[in-house]
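Annotated features in Swiss-Prot:
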- 1-159: domain 'Obg' (DOMAIN)
- 160-348: domain 'OBG-type G' (DOMAIN)
- 166-173, 191-195, 213-216, 284-287, 329-331: GTP binding site (BINDING)
- SER173, THR193: Mg(2+) binding site (BINDING)
Amino acid sequence: MKFIDEARIEVMAGRGGNGVASFRREKFVPFGGPDGGDGGKGGSVYAVADENVNTLVEYRFVKKYLAQHGERGRGADCYGKGGDDIELKMPVGTVIHDADTGELVADLTHHGQRVMIAKGGKGGLGNIHFKSSTNRAPRQCTPGEQGEQRTLKLELKVLADVGLLGMPNAGKSTFIRSVSAARPKVADYPFTTLHPNLGVVRMDDTRSFVIADIPGLIEGAAEGAGLGHRFLKHLQRTGLLLHVVDIAPFDPDVDPVREARAIVEELKKFDEELHGKPRWLVLNKVDMLPEDERELTVSAFLNAYGWPQERPDDSLGFDIKAPRVFTISALNHEGTRELTFAIMSYLDVVRAQARKEAEALQQQAAAAKQKVIMPEAPAVSEGDDA
């Protein structure tokens, strides 16, 4: 199935049913009062996050969604039936904006999340509501309200813990194949990856993380060159970026340092926040270098690029904010085990910090709530009797 990560749809909530003007008419009751019921409310439109839906392709073909209208009221105090709601299932990670105002309507971050994106109109009032001491036989009633109608822009941002970025043919797809069960296309030409791929790396029965691989970037990507600029948004939700660099390019005219700097520059142009995310350097294809030249080549690259070199003892107890560098061969699995364990250790620390912060916020909220609920004890003067 083609990967579709953007769509534009029109949603229309149902109109509320009209209220009715009616009077009670029964045998032996010649002057029955008003008994007109209200109209039913219009159906609303909801967006529902579904982990079984992977793309927005359905919304490229069906662009208009209309909820059911409410039924009109009836006599004998009968209210109209409300219109049925409709639910639009979307992938987890979908962001919904109002296309006209740019307002954020919903951000679907977890399975089962349900957000109203168009509210149904209220039903009209029947004449039973207008009865008064001075108006015993009201004939007025109100029409139902129109439901919300809006044009929405849907944008899918994949949810992953780690994002891969680099030039085309840097070996990102080969890496994700080597450490996960994902099987993206791999070939010896640029732009083999045409859409984002996700791979789950399982360390044991309880610990795992998700890697996102996007099409390779080229210089000018932030302005629209190449394929990767469309998919950079998929890296915005990741917690760690792996900058994959081909340390041994076939073309002698290709400068790995220049290419690495170009990627960082495109990242900065696209999104300052994305540029500021934790980023590790992964030097791939070291198997293409003679063994006696590897250390010298890597050291020369890091010096020219201006990236700090790690000491041998940095593998344990590393600072999660410190930049790191790994040399691997994704094709031969050389160094990939050490890299995945380092990623898992990093994510364990980050997740533990996030849980700790969430617990602290919950405790603060509970304390504030208790402070509001608990009434202050009345002051007792010294002269009062016990």
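The backbone N, Cα and C atoms fix where each Cβ goes, and this holds for glycine too.
The structure, with features from Swiss-Prot marked on it.
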residue: GLY166; record: GTP binding site; DSSP class: coil
residue: LYS172; record: GTP binding site; DSSP class: helix
residue: LYS285; record: GTP binding site; DSSP class: coil
residue: SER329; record: GTP binding site; DSSP class: strand
Relative to the Cβ position of LYS285 (GTP binding site), how many further Cβ atoms are located within 10 Å?
25
Listed binding-site residues (ASN169, SER173, SER329), ranked by Cβ neighbours within 10 Å, top entry
SER173
How many other Cβ atoms sit within 10 Å of the Cβ of LYS172 (GTP binding site)?
30
Please report the number of other Cβ atoms within 10 Å of the Cβ of GLY166 (GTP binding site).
24
